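This report concerns only the one structure given below.
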Protein chains: 2
Amino acid sequence: MTRAWNFSAGPAALPEAVLRRAQQELLEWNGSGASVMELSHRGKRFMALAADAEARLRRLLDVPDGYTVLFLQGGATQHFAQIPMNLAGPEDHADYIVTGHWGEKAVREAAPYLDARVAATSVDTDYLRLPPRDAWVLSPGAAYVHYTPNETIHGVAFRDIPDVGDVPLVADMSSNILSEPIDVSRFGLIYAGAQKNIGPSGLVVMIMRDDLLARAGRPMANIFRYAEHAANDSMLNTPNTWGWYLAGLTFEWLEGQGGLAAMGQTNARKAGTLYGAIDGSGGFYRSPVDVPARSRMNVPFTLHDPALDAAFLAESEDAGFLALKGHKAVGGMRASLYNAVPLDAVNELVKFMRDFATRHG
Amino acid sequence: MTRAWNFSAGPAALPEAVLRRAQQELLEWNGSGASVMELSHRGKRFMALAADAEARLRRLLDVPDGYTVLFLQGGATQHFAQIPMNLAGPEDHADYIVTGHWGEKAVREAAPYLDARVAATSVDTDYLRLPPRDAWVLSPGAAYVHYTPNETIHGVAFRDIPDVGDVPLVADMSSNILSEPIDVSRFGLIYAGAQKNIGPSGLVVMIMRDDLLARAGRPMANIFRYAEHAANDSMLNTPNTWGWYLAGLTFEWLEGQGGLAAMGQTNARKAGTLYGAIDGSGGFYRSPVDVPARSRMNVPFTLHDPALDAAFLAESEDAGFLALKGHKAVGGMRASLYNAVPLDAVNELVKFMRDFATRHG
């Protein structure tokens, strides 16, 4: 068995220790006589697993009292729609800060449910910069302000949480949740598809201030109501039990790594190493993103000569690096450096990049 | 490691051969250098897996041309809502045949989206019988007729596909899909949560006649549109890749077992063995369900003296049988006999039941 250095943007690398544990327990989990996938979500054993995972997540993120944690399905995309359905009536409006592909999509999926206003966008910079805070045009009476702290495709990220006054701040943290400590109390709602920093795809984790659960929304099926999911401990329908289980193992692994403060330091070091190699390559490699807006999770970069792209991809794959091809919207290369990507992987990548530059320089 | 005989109603037993294969490949799948969970759904390897799983499902069910197969999320419950959203406008009506808990829920979740009419119900029999076909009151102009061929909790099932004329027949087959051959051409739409006969929870398989994809529905987010999912090969958002993978392995296993004709024979034999033991117990065990309506997948039964229930559960667990407790809505016991439950499990259960009756008779 050979595991590659996996820089996939998502579904992405999982901690190897988590995979080994899951492998060991796959046919018989926790003395239950069955795989964790083969057990009722309403049984004692799975209920304990579910509560334990939630408790670990709360500890990791230091979630204050007055917030509900949900384990849902549908990916972030479904919640682009479900959030306005729940947090606003059809006559309401909300402000969206658009800094890349996912912010655009959030607006598009919200539009059937309320007046989704683009309060700021950096589309005019091809999403290579962040729109300056003083240029945002927030609307009085907005139901919430939505933003994407880290844009996976464009590789731009907010280092600081924007101040939007008393309006609930809603954040799609799919690609940066758990990558460093955050102040949850600054947010009304945080949500994240699991497949980058939490676990396998098909699971969404949501952290929601309780007063937002009480918003009336509009007539809709119960299955779309966050308040119903909350009242049923995320078991309004059968949850993704395997995803929940792996999320719990990942949270446990993160605690073992020293929690989010330690992860934040490691992630800063990983990103610093890669950006350093790009910036120090004498122009062979380039990061197109404005320096203060550079993501620590997703690092797009280009080669000075696009004719070398195919060779870079082929040689990197032969050398044991996975998924370095950039998203088609941006081109070039992209290395995603989520929690489960070790510093060693980045050091090896940087070594390969230097070597490639020497051979093709 | 000891695996119990698992009679869980869902999430339910998976074929042991499938679990062993998944265990073996967990850290490195198919020469990819990563777990199948760690790979992009848009990569060549996963796309091939996805297409292969769909092809196997089509072969198993002999799906005719003109039907689309989708791999979705949200459980059957979400699709209780999404089906009326897609197949009907707000002014339309649809007919529901209610033969148990899940049929009731399907009506409830559909109600915000159209006039969901109960065309037939067996609630007056506590869902122990099926409403006779000649008593159904179907409405002219219905957008579709919805029914639940197998009710997991109440253990009642239709042996034959009801004739509803030209109106599209929509079936929630969560608990009986792939348990025997069916004539897909009789249906407008078939859907099933995976966690009984297909794979782990968090995946929904849908088979939909193409003309229904063209129905306008109503204004809604793209993520809720089946036509958009179809146009994007079920990759409109990141699918549950692990669920899709395990579904494919299960389909492959089913082919190896001889396909659905063979499964249907085995399932008839399993159910016959258990009902035979119940009926032949001289009244110690009882099946409350009307004989022609008895499910082959979910067998609720009671003990003649409910004071023995606790002893039955405790002793059966000690003897290596899992999840025999009946649903709280029905009480007593329930043995679910999905595809992955071998005939041996049923034979062992019947032996235990006879022995228990002798000791407590």
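A Cβ is built for glycine as well, from the same backbone N, Cα and C atoms used for every other residue.
All protein chains shown were included, and the count of other CB atoms within 10 Å of the CB of B:Arg42 (L-glutamate binding site) stands at 13. Annotation note: B:Arg42 (L-glutamate binding site) sits in a coil segment as assigned by DSSP. Feature annotation from TrEMBL assigns L-glutamate binding site to B:Arg42.
Taking the Cβ of B:Thr77 (pyridoxal 5'-phosphate binding site) as centre and 10 Å as the limit, one finds 23 other Cβ atoms among all the protein chains shown. Residues or ranges marked as pyridoxal 5'-phosphate binding site by TrEMBL: B:Ala76, B:Thr77, B:Trp102, B:Thr152, B:Asp172, B:Gln195, B:Asn237, B:Thr238.
What TrEMBL lists as domain 'Aminotransferase class V' is B:5-348. In the predicted model, the domain 'Aminotransferase class V' (B:5-348) has a mean pLDDT of 97.
What TrEMBL lists as N6-(pyridoxal phosphate)lysine is B:Lys196. Under DSSP, B:Lys196 (N6-(pyridoxal phosphate)lysine) is assigned to coil, being neither helix nor strand in the three-state scheme.
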Chain A neighbours, taken from recorded positions B:Arg42, B:Thr77, B:Gln195, B:Lys196, B:Asn237 with C-beta distance under 8 angstroms, are B:Thr77, B:Gln195, B:Asn237
For the pyridoxal 5'-phosphate site made of B:Ala76, B:Thr77, B:Trp102, B:Thr152, B:Asp172, B:Gln195, B:Asn237, B:Thr238, how many Å separate the two farthest Cα atoms? 30
May I ask for the distance between B:Ala76 (pyridoxal 5'-phosphate binding site) and B:Arg42 (L-glutamate binding site), taken between their Cα atoms and rounded to an integer number of Å? 25
DSSP three-state assignment (helix, strand or coil) for B:Asp172 (pyridoxal 5'-phosphate binding site): strand
